[in-house]
Amino acid sequence: LVWLLVLSLAWLGPALGGEEEDGEVVAEEDDTLSDELGEEDGVLVLHEHNFARALSEHRLLLVEFYAPWCGHCQRLAPAFAQAAAALRNESSLARLGKVDATAQVALANEFGITSYPTLKLFRDGNRTHPLAYTGRMDTEGIVRWMQRRASPSATLLQDTDTAAAFVGSQDTVVVGFFKDLGSEAAEVFYEVAGEVVDVPFGVAEAAELFQAYGLSADTICLFKKFDEGRTDFPVDPAQGLDAAKLTRLLRVHSLELVMEFTNETSDQIFSAKIPHHMLLFLNKSSSAQLALRDGFRAAAGTFRGEVLFVVVDVTGYGADVLPFFGLTPADAPTLRLVKMENNRKYQMDQDAFSDTAIRTFIQAVLDGKVKPRLLSAEPPEDWDTRPVKVLVGKTFEQVAFDETKNVFVKFYAPWCSHCQAMAAAWEKLGERYKDHEDIVIAELDATANELENITINGFPTLHYFPAGPGRKMVEYKSARDVETFSKFLENGGTLPEEPPAVSHVPPRQGQGPPPT
């Protein structure tokens, strides 16, 4: 279930996201608190009265600002505690702490906390410029990120023996060769090494190492025990190194040309931030289907950095993701291309697995010549007789943009705790307006249905579609209770205290433009 939630952040349609936004916080501070540093599961419990002491006693302090009711915070808690224990067991200078931001309002305001969980690193007692946490939200990711900041970000390689040992120590390692380790380019390299914590970084300036690795100028070398074995990124003498560009190149080329989707590779696949994923769904127990990987791999090199090629075993780890693509194991072998920006999924008219056919299809998608394949569930037989109308992809257009109706739609995910919490209020709203001729209360499962011109980025999302021409859509962002919903509807899709965010939804392809 945890991985299903993680995956839905990426291929599988809109998701919770990595944090939860906070509303207005009102809490009373306990003035009796002392500056003693208490702990829970090895994590320092911090508040307004002991925060300064914690900063003074711990040179590296990673603080989680959380809310007790936040589901993401609750899922992070075990990993955060395990990371705290791991760092203490290795006698690291780094410590972990936590602040209940709903109770410690002064601290939350001081550090601009508006969503949960938010992690910030405080170094050397500096309270004014904490560093935002950029690592993975799991035990290993937190430990590695903190270790990299507690020690030099790159190992100095002084001779050929230490360099050879370092290069062979992991599946992937990065070595920066610089004639001058005090140069601007070397400083950028150290900066990147501090951020890309899942790969060991080394640095060398000895002439014998330049010669041993066939280099004559400053170069970043990525060594790997797969694919081509080594990728070089020469430093431009005029432009130097760009940290963001180098980080992206290293992330892209640290991946195998064709990845298999497994528990171990999931983080790599999604953290690479490659804009498109090409997926080959196959049954690994079938030798005929396994042979299709050859053409798939042959096409991959053309699109490296733009499209990530991934093999998904429909009978193994990939089985759980099939419903998000509207697939079953019997559909294998088949191909899908996913645009990560909006989770649009593309399908060949008829699957063809040659490298030429795959390249042609991908290029057509990149050129905007292929329409996305939109998922739609089948509507229940009584979908339009219930107080809350049950919409699906194929019925959404006719209901939401009926010019004679004001339609209020809840876009939800069945597993979303926030959606479950407001379900009763939404049903009551449906009952209240079921006999109104011009008001429709509806809901749509956004994990099983996709819409051409509306992207749902979090759950629940509420949109109001007013009657009349123009295909208008108003996003509702106020309190989720029946009375506020009713006030919104009775005022024609607005509340006195805030102006609505109105947008126009373009018609589906083949329809004319909205009336002026």
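Any Cβ shown, glycine's included, is placed from N, Cα and C.
Not measured: the values here are computed from a predicted model.
The following features are taken from TrEMBL:
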type: SIGNAL; residues: 1-17; note: signal peptide
type: DOMAIN; residues: 7-151; note: domain 'Thioredoxin'
type: DISULFID; residues: CYS70-CYS73; note: disulfide bond
type: DOMAIN; residues: 365-494; note: domain 'Thioredoxin'
type: DISULFID; residues: CYS416-CYS419; note: disulfide bond
type: REGION; residues: 490-516; note: region 'Disordered'
**Fill in**
Within 10 A of the CB of CYS416 (disulfide bond), the number of other CB atoms across every chain shown is 20
**Request:** Go through CYS70, CYS73, our disulfide-bonded residues, and report the one whose Cβ sees the most other Cβ atoms within 10 Å.
**Result:** CYS73
**Request:** Average the pLDDT scores across the domain 'Thioredoxin' (7-151) and report the rounded value.
**Result:** 84
**Complete:** The rounded CA-CA distance in Å from CYS73 (disulfide bond) to CYS419 (disulfide bond) is 18
